[in-house]
Structures are given as C-alpha cells and as structure tokens.
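A.B. asks: Per Swiss-Prot, the feature ATP binding site maps to G8, R9, S10, G11, S12, G13, K14, S15; the stated evidence is sequence analysis. Positions annotated as [4Fe-4S] cluster binding site by Swiss-Prot: C789, C1108, C1111, C1117.
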Amino acid sequence: MSLKFIYGRSGSGKSYYCFQDIKRKIEENSDKKLILLVPEQFSFQSEKNLINYIGERAVSRAEVLSFKRMAYRVFNEVGGVTHRYMNESGKNMLLYSILNELTGELKIFNNAANKNGFVSTLSDIITEFKRYNLTPEMIKEYLEVAEEREDNILKGKLQDIYLIYSKFQDSIRKKFIDEEENLTILADKLKESKYFDGAYIWVDEFFNFTPQEYLVLEELLLKAEKVNITLCTGGLNEGERIDNLDLFLPVKNTEEKILEFVKRNNIKYEKPIKLNCDPCYRFKNSKELSHMEKNLFAFPYKIHEKYTEDICVFQALNEYSEIEYTARDIIKLVRDNGFRYKDIAVITGDLEGYQSLIKAVFTEYGIPYFIDKKVEGDNNPLVIFILSSLEVLNKNWNYESVFRYLKAGLVDIKREEIDIIENYVLANGIRGKRWIEEKDWDYKILYGFNLTEEKEEEEEEKLKKINEIRRKITEPLIEFHNNIKGEITPKKMCLELYNFLEKMNISSKIESWIKYFKERNRLDKINEYKQIWDVAIGLMEQLVEVMKEEKLNSRTLENIFKSGFEQYELGIIPPSLDQVLVSSTKRLRSHEIKALYIVGTNDGVFPSVLDENGILSDLERENLRETGLEVAKDTKSTAFEEQFLMYVTLTTMSDYLRISYPIANEEGKTLRPSIVISRLRKIFPNLCEKSNVIKEEGDIEKISSPKPTFNEFISQLRVKEEGLELSSIWLSVYDWFMNNKEWKEKFINISQGFNHTNYAEIVDTRRVRKLYGSKLNMSVSRLEKFSQCPFAYFIRYGMNAKERKIYKVSTPDIGTLMHDVVESFSRHIEGKNISWEEIDRELCESFVSTMVDEKIKDMKGSILNSSPRYKHMTNRIKDILSKSMEVISQQISRGDFKPSAYELAFGFNGDFPPISIELSSGEKVNLIGRIDRVDKLENEDGTFIRIIDYKSGKQDFNLSDIYYGLQIQLLVYLDALLQEIEDSAKKEVNPAGILYFNMDDPLISTKKEITKEEAEKEILKKLKLKGLVLKDANIIKAMDNLISGYSDIISVRVNKDGSPSKNSSVADLEDFQLLRDYVRKLIVELCEEMLEGNISIKPYKKNNYTPCGFCDYSAICQFDTSIKGSQYRFINDKKDDEVLQCIREEMKED
C-alpha cells in the first residue's frame, strides 16, 4: 500500500508519464492489474491515447476506468445491485408525486412545489446530499440540535428537505437504486472485492473529488499495491499553510484531503515526482504559449516583448462576424498550415447562445464539426406530441395546445389541411367545447358583421371540408381523453396512452423518419430518433413502477411527463473522426488539441458569473459546514475553481491560440471583454490583435471555402456595379468559378439579378379581364385604393390575396356596426315621426344602447358576443354613438337642411342604378356605392343637396386628395345623385356640400374650469362637419343659423358681411361643376389604366405619410427605394386655389 503524487503544471506531461509507467509495468510482465482511473467524460479519449502510445498490448493488460465503470466492475464481481436503476426522469416523477402527497405539510416549499423547474432544483439538492454522503438521518440530527440557532429559514428548508428526502429514500429502496448511491455502495463493496488487490493504479485528469469519490479512493489506497495520483500544480503543499489566493488552491485542497487518508491508514507515502516545465512538454513548439502558461496568472509576471504569432486576439463587431472570422481562420489553418480538423477545438462559456450560429456558419463554410452537448429530448416531435395530446384535454382545447399537437408532424393530416382549419379557427375564435360539439361548424367564411346573407355554394363546400378535417383531428383525441378521464391508476393511464400512440401509428412514423434521415446521412438525427421511442416507453414503465396504485388525473400525468422529459438528454455520437470539436469550457475533452479558439471571451462569460441559485444560499451552506455537515461549495469557493479551470482551458492547446470577443450582441447592447484579454496585453505588450469593427482585412482574407467566397465575390461585383474598381484577385476567383460547372451555373443565375428592378410588368389585357372579371363592376373606394398603389390593388382584388383573419375586433368591423346603428337610429325616429329637434341626450342613450345590444345579439359569431370582457368595448361604442347622435341632432337642428334619405344605395338592387362610366373603348364600368345621408333644402333659389359620410375614424377633407384620386367618393356620389334627381324630377338641383362626420366621443382638455354648456360647445366644435360647402352666404347660413365668425357646424368662417373668409373650405357652383367633370374624367383614366394591366409598384407619398406603413402586401412587393424601379409617387399638398387652377388647365387640354 503506497501513494505517490505526480505533479506538474498544465502541459508538463503528467498523462504521458502515466502511459510511460504503465508501459514499463507491461514490459516487466507483471501479473498485477494495471488500472488508469479518469473522469467519465475523458474515458474514451484516454483509451485511445493509451492504445496509441502503448499499442495493442494495452488492450489486454491495462484497463481504463471511470468511477462509474469501476462500480459496475465491482458489482459484477461481488453483487450489490439487486434492483433496477432509477434515472433522473424517474426521480423527478417520484419527487413530483411526493410533493403532491406532502401538500400542506411543507413550511417553505408548499407554494413552490408546482412552479416550473422546482422539481429539478429539488432533485439537484438531493443528488448533492447523496454525493456528499448527507443522509436524511444526519439532517434530522442537525435539526434536533439546532433549536437554539436563530436561522429559522434554514431550519424550515431543512425540515421540508428532510420530509421529502426521507420519503424519497423509503420509496426508492423498495424497487430501485438511485445511481447517485452507486459510489457509496462501491466504497462498501470494495471491502469484499478482490479485483483491485495488489493492483497498480494511476489516477489522472482530476483536480478534486466528491466525498463519495474520496471514500472509494481511500478503499483503493488500502487494497492496491500502489496508487499514483496526478495533480495539476506548480508545487505540492505537503502540510504547509495553504495560500487562499493560489491559482492551484483547489488542487492543493485535494492533496491535503488525500494525505489525511494516508496518515489515518498508515499508508506509505512515496516521494512525489515533479515534472519540470521549462518548457512544458506540450508547449515545446511555442515559446509564446509556454510564456503565457507561466505568467498569465503569476504575480509578479514577466513580459514577452516580441510580436505574437501563436496567440492572437480578435475584436468582432458582433457574434456573427466573430464566428465568421473563426470559420475563415480554421479554413486557412487546414488549407495552408497542414492542420486536420480534429486538431482544432472551438470552446465558449456560452455554448447555448453560440451553438446555432456555429452550426449555420460552419455549415456554410463546409467545416465538419461536432458539438459536444447532449440533445434535450423535450424538443423532439414525439415528446411534443405526447405532451400536447394531454394539454389539449387539460387546457380545454385552447388554440396553442391544439395546433402544437397538429404541428408536431405525427398526425395523418396534410399541412394544407392544418392551414385551412387554422385560418378558420383563428378567424372565428374557436376554442373549448366548440371543438367537440356534435353539430357541424357553420360560422361564416365571408367574415364581417353582416351575417344575414345566404351562404354561397362555394362556401358550403369549404365548410364541408373544414368539418371533415375537424373530425379527423377530434375523433382519436376524444376517444383517448374519454379513456383517461377522472382519477385512475398510472398503469391504466400509461396503457391508454400507449394504445393511443399505437392507433396513431406513431412508432412506424418514427421508423419512417429514421429511414428519411439515413437517406440524407443525418447521423445526429438518426441517433436521436432511435433513442426517443425507448425514452418515452421507459418513462411510462418507470411511472407505473414508481407510483404503483396511486391515483392520478390527466393534468398530473402531463406535469409528471413534462418533468420526466425535461431530464432526458439524448447522447449523440460524433459523425466522423476528422471534425472540429465544439464544446463548453466545462466539458472540454482531454485530447491532443493543437489549435484552440475561445469565442465569446466577454466579461461574465469567460470566466462565467456564478449565480447564487438553488435551494441553499452561500450563507446557509457556510452555516451547515460550521456544524460539520459537508455540502457542495459556495459561489466564492467555486470562483477559485473557475479561475483554475480558466487556466486549464487556456493551456489545453499545443500550437495555436485564438481568443475572440464581440463588442455588441445582436440587440446592439455593448459587451465588455473578459479580464483574460487585459492580462494577455500585460504579459504580451506586442500582442497580435485584429478587428473587423473598422474594416481593415484585405481581399485575400475573404477567400476561404467556395460558398462564403462566392457570396463575397457577388458582393464585390455589386461594388463594381457602383463604379468602384475591382481588385485583381477577384478576377482569379471569377476564373475558378467559371471553370467549375456547379458554380458557373449559380453565377450565371445570380448575375442576372444585377439587372433586377422592382418594376412590375404590365399584365396582359386578356389576363386582366380574367382576374377582375368580364363584368366591370366595382366600388368607388376600390378606385381610391388603385390611386394609392396599383400593385396593392392588383394583389388584393386581382390575386384575391387577403390578410389572415384573426378573431378580434377590427376597425372596419366596428365601423360597419356603427354605420348600421346610425342608419337604424335614423330610420327609427323617421318611422316614429320624431323630429331631430326633439332628440335629447337621454333619448340618444336609450335608443343607442338598445340598438347596439340587439345588433350584437344578432351577430352570430361576433367577438363582442364571445365573453363578458368585451362589455367595456361595447360600452365605449355606445358612448361614441350616443354622443355622435346627439351632435348630429344639434347640427341638423341648427340649420335648414333636413335629411331626405339614409343609406342611399347605387347598385343593381339599390335605390338607384349603378353609376355608369363609359370608357374611350365604348365599354361601360358600373360603380356601386352607398351614401350614408342625404340632406335637402328647398328655397326660392331652388333645390340644394348635400351628402354626408359617417366615419368611425378620423377623416379630414383635402381638395388635393381629390385631384390625385385619393378622395373622390363623395364627389362621385354627389355627381350621380344630382344627375339621377335631375333626370327623374326634370328639374335643376344644385350641390350644397360634400361633408364628413367623424363619429367620436372626444375628451375636452382645458386650463380652467368650464361649465357644462361650454363643454358641450367645445364637443360640437370638435365634431363639426368637414368638407366642401357651396360658396353662398344663404346656403352657409342654412347650414348654421347661428354662424358668427367661425362656425361650430361646418369648416367655414364668415366675414362681417356674411361672406365666407378666404380660408374657408368653399367652392362656387362653377367650381363644383368643374370638380364633377374632373372626377368623371379621372375615373375613366383610372379604369382604363387598371384594365390595361397597370400594376406598377408606385405608392404615393405625401409629406411623411405613405400607405406602405399600413399595407398587408409589403412582403410581396418588397418596395425599397434603393432598388431600381422602387420610387414613390410624390404628392404635394396644394392650396385649394392651386388645385382648382390645375384642374382647369387639365380640363382645357382635353
């Protein structure tokens, strides 16, 4: 029995010394067992290294073991494992069950029990206690003697942990063994084992051990002939006082504990072997790396004056450019310096954040890589399918759970069918019991508030299809849900789940996917999908065994499965031998790395910030240690280990180190470099530093593998297009691509894109007629949309593309409701012979409230009917309408114009025929529309008509907009109405005005207190009619009998003589006629443009406003002013006089 330490700094050859020693023993033909004990993650690589050094004899004579492998070896020899192992998922399920059982008994954790992640946190503390040999009995003893302590929170936590831990142990002992107890059992069983008697053991790659591992080491020291332990340190402590600031503090603490075993058991302590490091064996080819190893964490330190070549720091603009630089440099190393991909490692302290970037960039650059990280099983389609099938029941068929179930990809429903039913469900707000109601869905597909029109045949067919899809979705789920309703045993629950998976043919679908991945050589996916079915079945088996006859419901089952799947990590096999290793700083495997890239070397990432998380705080851990209960280290102690790990990481490679850091993340937030960077700058004043923050790299640096070089080449050609000179090296690149058939074809295709413009070609007239229909019927508002942007009009009305309808209250729907109520109100008082002068606030509120309620009640499928939470919105609508009707009554009462018609329709079934417009070809276009209100005045001067359009949003009147075709609706209606009346009544009728009324219940803000009457007057002003009025003092007076100065009713100010002021929105009869003639001409032009196939992408822009901001089709047109052909139609606001003058000139030309 003897112990010998082999110590030396990182790279000094400690592992190599072990291999040499093992080789010597083999050559001596010793019959003693030769054991190399290493950490679990290093066992495979250590076996490879041992065989590479010693040869095939190593296989038969020496054995590489980890503590885990050692346990299996001993248990096979002397027994010890009589039950099945419980995995992490099983532990989580058992803990979840125990927490439910102890509900009400726990003091601290009662409210935390059902929180996401708490079960895993609880599992971690139990695992920690087991690794540190802390039993429930020891916790109980602590609690018995801790009554005098004042830390009630710690006592409360430990009391809860004791209850959970003891019940956990009682439950697990009956049928299972927790893997965390393996080493404790191993330490005990080693006493019976003969396997290690007289063995020679080398312990390598450890810097510390858990209490369980120390127990095993102590037993090995008692049994083995000799134990050799390597320690990464510059010098041993050997009983001297330990310096708390020593870089090698964690290692020296380990040495101290092992020496305690030696003294306690009277084990022979041989003279340690110190491996010299001048230079360290690993750094024999690099003076720079050797200097860094000695001085990076040394105080005082020595300076290396020469410019560094083996060590370089790269400052990146962001994370993407950082990984792109890394990829280019790796390509350069392999291509120019003779490195193999397997010689290279990329590590980071934030693998979670970097792995997707590394995957994307390395794939683009053609770099083979292996990410040393287990795949989390909870993202697999099978797991999503199982959990969502339960979630659908537990969340009452809500949208998210149903479509997560459908989109897992395991149901026999086509993707198009899922899209069809998803659109329908979103538009109608379908959820809950409506999914499983027996009657067919009959909510309209032609959405809106007007739900009284008969369904068309096409709609009936669509509804039939939707109901067929619904039944395919719901029938298997309803059957499964009925079978697991209520409280049933885990066995019954899992049996029904398994039967459901079989009926849905899930196992064969998984097999099909595996076959699909095999055809594409996706080894990672093959491995994942092969494991996942066994994982799911194993989870069910453990649940049945763990919970036995305990009753549970579907919600509990879902939570247990969630907890179980969260713990599963699927092991992955490296797909090839020659590949770059991508790993985290904590999982870097011990293999010969020549070139190391450390990415994300930012403050808080490398070294990482240690959070004080978990159940026990640092202070509570300290309290436990003071009473003799050893637990895992606190964050302060772990920080020293982090510094040591940083040293180990930075000294892993033998030839080449590249450290990079971004100055900002993807959100633009500034990132600080790690302290490592500043330390490197101190010991290397002439440190190689590069950056792409200011672009300094030459063209040669941009040439790497074909794909990224091709992309860069295309960028260079764009530069040439702009008139800049192209570097000669790109001509050579061009030749290379032209001599490669694959890339030549790609170049020819892409080069055509240089001539790309955003011009939308004119559509053939024949096709236009097919798209818009042979009958030329359209609304005036559609013509206005054509004026805004011909392309948007084409997509909406030609291609019939619509925004996905979502079940919500939209502005157009509210507008329709409000128009319906105003019309009903108007017709109601007309039918009751109530004059507008008689209407008061009380009458408005009463009528409006009743009518809104009736309208909403009749709106089948309306969102305003869906739940009480929309009551506030309904009340707001009522307030707006009540106030609007009150103001309308005042406006009518203040003048001589009286309503003569409401909702006057132009159309085939309307009050008047469609507005017929003859084109230059002789064809006729029929315009349809509706006037909200027509007011009439008859006096000695004749008959005067004004039309009023109600707007639920804000609408201003602008004569410029009429000129540009953006606001022609009212003039078209006025012209048509005057023409119809004149033709039918055979008398002249004059225009009096075209006006908008904005329905609102405005807030009044004042700096002083005002009376109720003053407030009402302010509201009247805010809701005044906006538009164009006849320039006639009598007509103006007839619209506002009380006008004096500014009118409260119309947008007019009168002078003292009664004439309208210069800034009033007025026009004389001649100007009204001019505008009518111009709009007729404009309509002809717009219709002919449309029918000639004009679909140009030319939205208008007025001041800073453009319709693109509210357009549903911007992703289709890809309007961008930097692309040729993408230009706005600029509109300048003109004064009314200028507009009229422009129109006169245009009309003269015609």
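Glycine is treated like the rest: Cβ placed from N, Cα and C.
Could you place the listed features in the three-dimensional structure?
C.D. replies: In sequence order, C232, C280, R282, E293, Y647, V648, T651, T652 are the residues near S10 (ATP binding site), counting only same-chain partners six or more apart with C-beta under 8 A.
Taken residue by residue with DSSP, C789 ([4Fe-4S] cluster binding site) is part of neither helix nor strand, so it is coil. Of all Cβ atoms in the shown protein chains, 26 besides its own fall within 10 Å of the Cβ of C789 ([4Fe-4S] cluster binding site).
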A.B. asks: Sorry to bug you, but what's the C-alpha spacing from C1117 ([4Fe-4S] cluster binding site) to S15 (ATP binding site), rounded to the closest Å?
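C.D. replies: Pair distance, Cα basis, whole Å: 64 Å.
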A.B. asks: Quick one: of the binding-site residues C789, C1108, C1111, C1117, which has its CA closest to the CA of G13 (ATP binding site)?
C.D. replies: C1117
A.B. asks: Work through the binding-site residues one by one (S12, S15) and point out the residue whose CB has the fewest other CB atoms within 10 angstroms.
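C.D. replies: Per-residue Cβ counts within 10 Å for the binding-site residues S12, S15 bottom out at S15.
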A.B. asks: Helix, strand or coil for S15 (ATP binding site)? Use DSSP.
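C.D. replies: It is helical.
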A.B. asks: Find, for the listed binding-site residues G8, G11, G13, the residue with the lowest Cβ contact count at a 10 Å cut-off, counting only other Cβ atoms.
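C.D. replies: G13, out of the binding-site residues G8, G11, G13, has the fewest neighbouring Cβ atoms within 10 Å.
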A.B. asks: Using Cα coordinates, what distance in whole Å links C789 ([4Fe-4S] cluster binding site) and K14 (ATP binding site)?
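C.D. replies: Cα-Cα, rounded: 75 Å.
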A.B. asks: I need the nearest neighbour of G11 (ATP binding site) among the binding-site residues C1108, C1111, C1117, using C-alpha distances.
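C.D. replies: Going through C1108, C1111, C1117 one by one, the closest to G11 (ATP binding site) is C1117.
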A.B. asks: How many whole Å apart are the CA atoms of C1108 ([4Fe-4S] cluster binding site) and S12 (ATP binding site)?
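C.D. replies: Just about 67 Å between their Cα atoms.
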A.B. asks: Beyond C789, C1108, C1111, C1117, what residues of that chain have CB atoms within 8 A of the centre of the [4Fe-4S] cluster site's CB atoms?
C.D. replies: F791, A792, I1097, P1099, T1106, P1107, Y1113, S1114, F1119
